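Student: Quick one: the structure is below, questions incoming.
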Amino acid sequence: MSETTLGGIAGHMPKFLRRADPAVLTAFACIVLLLFLGSLYSRSFLSPEYLLQQLKVASFLGVIATGMMLVILLGQIDLSVPWAVAAGAMMACAAAAYGPVGVALAIPFGIFCGVLIGVVNGIGVAYLRIPSMIITLATNAVAQGLMVVYTGGFSPQDSATTAMRYLATGFTIPGVPNAVIIWAVIGAATVFVLSRTSFGRTVYGIGNRERAAYLSGIDTRRVVMIAFAVSGGLSAFGGVLLAGYASKAAQSMGDTYLLPSIAAVVLGGTSILGGRGSYLGTVAGVILITLLQSILSVMQMPEAGRQIIYGVVIVAMLLLYGRAPASR
Amino acid sequence: MKDWRYWLAEQRGTLLALGIFIVMFIIYTSNHPAGFTANVVQTAANKGVLLAFVAMAQTLVVITAGIDLSVGMIFLLTNCLASWLVVGTPTQTALGVIAVLAVGLLCGAINGAIVIYGRLQPIVATIATGAVYYGIGLLLRPFPGGSVNEDFADALTGRVFDVVPASLVVLLAVVLVVWVPFSRSVLGRAAYAAGSSETAAYMSGVPIRRGKFAAYTLAGLLAAIGGLFLTFFTYTGEAAYASGNSYTLFSIAAVVLGGVSLFGGKGSAIGAIFGALAFRTIGDLLFVFDFDPLWQPLFQGVILLIAVSLGAFALFRVRNRLEWFL
C-alpha cells in the first residue's frame, strides 16, 4: 500500500495510523468486530473481568507465538511446538518430584528441555540445511516418543509446583494476572531485540535474503540456530505456564497450540516467507485468535465446528492479506 | 551414458528403498514366530498399503516442491465418510465408494486451489485445511463407530488365489491407473518441472499451474483410497486426531526413505511405496524382537529423524558455500 494512493485520506489521519502496517490495522479491526459480535451475544462480554480473563488465556498463546514469530521471520517454521509445549510442562512437573531442589529447578528445567528440542531443530536447519518443516516434524515425533516412554514407563508426578501455579494464575499487581505480566515482559524484550539489536536486524535480513546476509559477513547459521533454540524454550515456557494454569501436565496439551501459534503470527501481518512483520501484529493475532476461540466456546460450539471455523477463518484471512506476490 | 546406466541413476532412490524394504522384511519374517507364511505377508501388506497410499499422495505434492500436511486428515475424513456410505447392496456400496473418492478429490482440489490460485504457502494452507477436514470428520463420527460392507471389505483385504494379498493387487492397480498415466502425461511432467525450477518451467511455457493443481487433486484421491482401505480393515470410522497426524508424519518419512527429494522435482511414487512398506516393517521390528510397545513412537520418531538427516549428505557435494543458500 503506497502512501500516495492513500494520500488524501491519510493526510487527515494521526501519524501512528499512517505509519501502521495495513495488516496489523486489519487484525485490530477484526478484534473490534469480534468484541462487538460477542457483546451482542452476551452482555458480560465487555466486562473488565472477562477481558482480563481473555488476556490471561491469550498470554499462554502469546508466549508460544513469540518464539514462532522469531522463526517465521527467518522464513522458516517450527512444527515441533506441540511436543515442545508438552515436554516443557511434563518435565517441569517431573522435576518437582525430586525434593525441594527439584521444585526449585522445575521451571528452568522445563524450559531447558524445550531449548534442547530447539537446538536439535537449529542444528538440522542451520548446519545440515534440512528444510525446517521436515526436521521440526521429526523432532516433534522424537519428543513425543520420549514423553510416551517416560510417562508410560515410570508414571511420573504430573502436578504443577506452587511456583508454576503462581506464575500462571497469581496476582503480583492487583487485578493484573501474572501470566499477562510475563507476556508483556517477553513481548517487550522481543520488541527490543528485534528493533534495537544487531541480532534482530540480522533476523530480518536472513528472512529477506539469506545469501545476501551471509555475504555481508554475518554468521547466519548461528543466528538461525539461536532463533530455533529460543523458539523451543518459549514453547516449553508456554507449556510450563499452561501446566501451572491447569495445575497438571497432560499428554496432548500442546496439540491445540500448533495451528493457533502459526495463525496468530501470520494473521498479525508477518510474512510467512520471512523478513517482514512486527511484534504488535503478533499481539493482535494472538488476541484475535483467543477471542475467536472464546466466542466459539461461549456459543458452546462443539470441537468439530471449532476446527472447521478455525481453518476457514485462517484461510480466509490469509487470502485477504497474506498472499505471496504473483510470481515472475 | 548408456541407456541402462542412465536408467539406473534415475531409479537409484527407488532401488535403494526397495533394497531397504527387502532386507527389513527378511529380518522381520525370519524373526517372526509364524515365519514367512501367507498369513504374515497378508497382515503386513494390509498394514503397509494404508501408509503406501498416503505416501503416494504425499509424493505427488512433494514433487511439485510443496508439502501437504492435510493428507492424514483427508485419510481420516474419508475413513469416517466410508463408515457411513460404503454399506448395503452392491450398487449402494459402489456408489458409496465413488462418493468417498469424489470427496477425496474435492479435498485435494481445494488444497490445490488455495495453494496455487490463492498463492498461499502450502504448509500454512494445508495445516488450516487439515483442521477443516478433521472437523468434518469429527462431525461425521464424534465417536468411533459405523460399519462397512463386510463381504466387499473382506474381498479387498483377503488373498487372491489364497496366496497374493488382495490389497497389494489393489495397490498395483492404483499405480497403473493413477500414477503411471500421471507421471507420463504433460501434467505430470509439468508437476516435475514446477518442482525442479518453477521459473524456468514457467518461462518455457510448461503448464505449471495445471500440473500442480492436478498433483494436489490426485493426492486427495490417493489419500481417500487409503481412507477407504482403513475402513475395510477396521470396519469402523474414527476421527482420531493423533492417528491422522501420525499418518501425515509417516507419509513424509516414507517419501524421504523412498528417495523423493523434499526440494521437489525428483523421485517417484513407486519409491515412496517401498519407502512406506520399509518404514512400516522397521516399525514392526520392535514387536518381533519383543520390545515394549511403549517404545514404538520413539523408535519411529528416530527413524524419521535419521531419514530426514540423510538428505544432509547432499552437503558433501557442495563446492561453493553459497550453494547452501540456493
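Each Cβ is built from the backbone N, Cα and C atoms, and glycine gets one as well.
TrEMBL labels come from automatic prediction, so no person has curated them.
Bear in mind that the values here come from a model prediction, so they are computed numbers and not experimental data.
So TrEMBL says this about it:
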| type | residues | note |
| --- | --- | --- |
| TRANSMEM | B:12-30 | transmembrane segment |
| TRANSMEM | B:36-57 | transmembrane segment |
| TRANSMEM | B:69-87 | transmembrane segment |
| TRANSMEM | B:93-116 | transmembrane segment |
| TRANSMEM | B:123-143 | transmembrane segment |
| TRANSMEM | B:163-182 | transmembrane segment |
| TRANSMEM | B:213-235 | transmembrane segment |
| TRANSMEM | B:247-263 | transmembrane segment |
| TRANSMEM | B:270-289 | transmembrane segment |
| TRANSMEM | B:295-316 | transmembrane segment |
Student: May I ask you to check whether the transmembrane segment (B:270-289) and the transmembrane segment (B:93-116) make contact, with contact taken as at least three Cβ pairs under 8 Å and only pairs 6 or more apart in sequence counted?
Tutor: no
Student: Check for me, if you would, whether the transmembrane segment (B:163-182) reaches the transmembrane segment (B:36-57) - at least 3 Cβ pairs under 8 Å, residues 6 or more apart in sequence.
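Tutor: Checked: the transmembrane segment (B:163-182) vs the transmembrane segment (B:36-57), in contact.
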Student: Same chain, outside the transmembrane segment (B:36-57) by at least 6, Cβ under 8 Å from its Cβ: which residues?
Tutor: 25, 28-30, 68, 71-72, 74-75, 108, 157-159, 162-163, 165, 167-168, 170-171, 174-175, 178-179, 218-223, 225-226, 229-230, 233, 247-248, 250-251, 254-255, 258, 269, 272-273, 275-277, 279-281, 284
Student: Below 8 angstroms Cβ to Cβ, which residues of this chain, lying six or more residues outside the transmembrane segment (B:123-143), approach it?
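Tutor: Contacts with the transmembrane segment (B:123-143): 67-70, 72-74, 76-77, 79-81, 83-84, 107, 110-111, 114-115, 237-239, 241, 244, 248.
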Student: Given a Cβ distance threshold of under 8 angstroms, which distant residues of the chain, six or more beyond its ends, lie next to the transmembrane segment (B:93-116)?
Tutor: 57, 66, 68, 70, 74, 77-78, 81-82, 85-87, 122, 125-126, 129, 133, 149, 152, 209, 212-225, 227-228
